[in-house]
Amino acid sequence: MVNRLDIVFVHTLSEDESNCTVAPCDEGFFTCHSGECVPDKVTCDHVLDCEDGSDENPECNYKDCTGAQFTCGNKKCIPKHWVCDKEDDCPDSSDEIPSLCDINECVDVAGTCSQGCVNTIGSYHCKCNPEYAKREDGRSCKKRDST
Ligand SMILES: [Ca+2]
Ligand SMILES: [Ca+2]
């Protein structure tokens with residue numbers, strides 16, 4: 001949570017910017033750099049509310065995550081066990097990206113390959129034993145012609 005003082009601080013900094021041509025929003029609202037008005041309370045909440053994302057700005061005083069927490073791409077802290085649980089908790093999906101949450105199809109999906117299986121990040125491919133060749137389906141193998 002961001003306390004009230006932080007929000008006022010952020011707002012003041014934005015208003016101090018020179019060359020700023022956008023009209024300020026009503027009290028209780030934050031003026032996005034793009035000119036939109038969003039409620040003060042949605043600034044620095046790790047969600048991009050302004051079209052240009054300026055409600056999540058460098059002045060946001062995000063807390064560092066602890067060792068038991070995962071740091072989302074938007075700097076939000078979530079419990080580590082929420083990572084790769086198929087729910088977007090951040091919510092910018094950075095806890096559910098394939099490079100982080102690779103599924104081992106070779107183990108998790110029954111009958112993936114008839115012989116060997118090689119798991120790769122975000123995918124997999126099948127392998128056949130030395131005397132076998134892959135069938136067109138890419139998953140099953142047939143014995144090579146001995147002639
Ligand atoms: Ca926000
Ligand atoms: Ca998650």
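Cβ from N, Cα, C; glycine included.
Record source TrEMBL places C90 in a disulfide bond whose other cysteine, from C72, C77, C106, C113, is C72.
Disulfide annotation in TrEMBL: C77 is bonded to C65, selected among C65, C84. The record in TrEMBL pairs C37 in a disulfide bond with C25, which is drawn from C25, C32, C44.
According to TrEMBL, the cysteine that forms a disulfide bond with C50, out of C20, C32, C60, is C32. Taking the Cα of C32 (disulfide bond) as the reference point, the closest of the disulfide-bonded residues C65, C77, C90 is C90. C50 (disulfide bond) and C77 (disulfide bond) are 21 Å apart (CA-CA, integer value). Non-local contacts of C72 (disulfide bond) by the CB criterion (under 8 A, 6+ apart in sequence, same chain) comprise H46, I78, D89, C90, D92, S94, D95.
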